[in-house]
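Only one structure is covered here, and it is reproduced in the block below.
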Amino acid sequence: MTEKCGVVGVALDGRDAARPLYYALYALQHRGQESAGIVTHDGFQQHSHVDRGLVGDVFAEGDLEGLAGSAGIGHVRYPTAGSLDTSCAQPFSVSFKSGSLGLSHNGNLVNADEIRDELAALGHAFTSDGDTEVIAHDLARNLLEEDLVRAVKRTMGRIHGSYALTISHDDTVLGVRDPRGNRPLCIGRLDDGYILASESAAIDTLDGELVRDVRPGELVVLEEDGGGFDSYQLVEEDDTAHCFFEHVYFARPDSVIDDTLVYEARRELGRKLWDESGVETDVVMPVPDSGRAFASGYAEAAGETTPDGEPRPEDDDGVEFAEGLMKNRYVGRTFIMPTQDERERAVRLKLNPIKSTIEGKTVTVIDDSIVRGTTSTQLVQLLKDCGAEEVHVRIGAPEIVAPCYMGIDMATREELIAADKDTEEIREAIEADSLAYLSTDAVADVLETDRSDLCLGCVTGEYPYDIEGEETDREVSRPDVGGQTLRADD
Ligand code: SF4
């Protein structure tokens, strides 16, 4: 599973924005490794440096010095919509009659093709096939007729899907979250300015203070002198559609989303996992690093109650938490291995078991998700080869049964092991002694929200946006902008 994009924007009092943006992008590197970029504005002109690669490789000292100006935006990208070349790297920047625009986008529009066709018919020339350029052109067109706030509102009324945006219009920096708040975006205060970022970890990196999340449907405009920000609630919906996988998988554990530290949410999900499907084994171990917080919560709950929910006797410590798998941090992520054979080899390269923790023991191994099943199968085999008597697998999220159209490249429906197999069939396929997932109700409980305020599309097959060929889980329809429509298999 790969994640799409981290965005950031800063407005400072006189100090150049490039270096803080660069550090913030470093903090968001986990959200995308395909390309990185910064766009700044010095009050007279826009400067841009965008390229493929990791943040540390994309920017040399001279590049940062060339990015003049105390206001700017940045982006790290993993591509899901648009092609794999620099034409889709971001921030997207363009100059037009009423100034210059820079755009960083996290998310995915589901009606980008309709709007692109309409704008192309009006004479707009597109240089990429990404949805971010569509937003940029639409906004540029609206800015010819409206002020900034009204232009953003008009564009928000036309685009449909998931978006957390940082935008620079000349030296004004703004942030926008889609009306259902699918992707995170938060506001932070720095000593000499303000920052907008996908995750609060970027604010921490700059010794800033988290102010709050940008609200779904809200436009935040940072004051040019870094003195504050203005808020405009441009669209209001009855419900939200926060991506629950941000809490489970994508976000850094040290980030705070919706007032909850992600690490604590994961530990709480682990506790629920014990309550719902705990199994007495000699040890419980995480798949590093993704399963660590879940396993720690699971083991803590196992020390308090038995699998039947009865209090533990005082002389019974429950299930021992152990690190039984060591991760080789210098191996790339498995998703860059294009064939199944290579992916299988990658699992073995990435994880090495600690024999003394495993041999002759019954083991519970905890992870955050099963996508194709390849990693889990390899893991179970690895633990059994190492002498585990039993291997029980517990997953801190529900089964992924359907693809994501909101910007997460998890796999096609055909590749998802849970798309056409039930839990028992998956257990058989990965050769575990038992397998259990967390329920969607438990996720909603831990996140202290209603199911109707979460996006659960990939685990229910019902989406909070109008995607042709797919079911919706609420009353929702895309804006009528004409042109062709996106189909589920596009
Ligand atoms: S479909 Fe899944 S991964 Fe995609 S936004 Fe919804 S919850 Fe997140």
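Using N, Cα and C of the backbone, Cβ positions are placed for all residues, glycine too.
According to TrEMBL, the domain 'Glutamine amidotransferase type-2' annotation covers 5-225. Here TrEMBL flags CYS5 as active site, nucleophile. Here TrEMBL flags CYS243, CYS404, CYS455, CYS458 as [4Fe-4S] cluster binding site. The Mg(2+) binding site feature in TrEMBL is assigned to SER290, ASP367, ASP368. The annotation region 'Disordered' is assigned in TrEMBL to 467-490.
Feature map: TrEMBL annotations on the structure.
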| residue | record | Cβ neighbours (10 Å) |
| --- | --- | --- |
| CYS5 | active site, nucleophile | 26 |
| CYS243 | [4Fe-4S] cluster binding site | 29 |
| SER290 | Mg(2+) binding site | 21 |
| ASP367 | Mg(2+) binding site | 22 |
| ASP368 | Mg(2+) binding site | 24 |
| CYS404 | [4Fe-4S] cluster binding site | 22 |
| CYS455 | [4Fe-4S] cluster binding site | 26 |
| CYS458 | [4Fe-4S] cluster binding site | 28 |
Rounded Cα-Cα span from ASP367 (Mg(2+) binding site) to CYS243 ([4Fe-4S] cluster binding site), Å: 18
Chain-mates of SER290, ASP367, ASP368 with C-beta within 8 Å of site centroid, Mg(2+): TYR249, PRO286, VAL287, GLY291, PHE294, ILE366, SER369, ILE395, GLY396
Rounded distance in angstrom between the Cα atoms of SER290 (Mg(2+) binding site) and CYS458 ([4Fe-4S] cluster binding site): 19
Filtered recorded positions, from CYS5, SER290, ASP367, ASP368, CYS404, whose Cβ is under 6 Å from an atom of ligand 1: CYS404
Whole-number Å value for how far CYS458 ([4Fe-4S] cluster binding site) lies from ASP367 (Mg(2+) binding site) (Cα to Cα): 17
Collapsed DSSP category at CYS243 ([4Fe-4S] cluster binding site): strand
C-alpha spacing of ASP368 (Mg(2+) binding site) relative to CYS404 ([4Fe-4S] cluster binding site), in angstrom: 17
Local confidence of the domain 'Glutamine amidotransferase type-2' (5-225) - pLDDT mean: 93
Inter-residue Cα distance where the pair is CYS458 ([4Fe-4S] cluster binding site) and ASP368 (Mg(2+) binding site), in Å: 14
Rounded to the nearest Å - Cα separation of CYS458 ([4Fe-4S] cluster binding site) and the residue listed as 'active site, nucleophile': 19
Nearest-integer angstrom distance between the alpha carbons (Cα) of CYS455 ([4Fe-4S] cluster binding site) and CYS5 (active site, nucleophile): 18
Near-site residues: [4Fe-4S] cluster, ref CYS243, CYS404, CYS455, CYS458, CB cutoff 8 A to centroid: ASN182, PHE244, PHE245, MET406, ILE408, LEU456, GLY457, TYR463
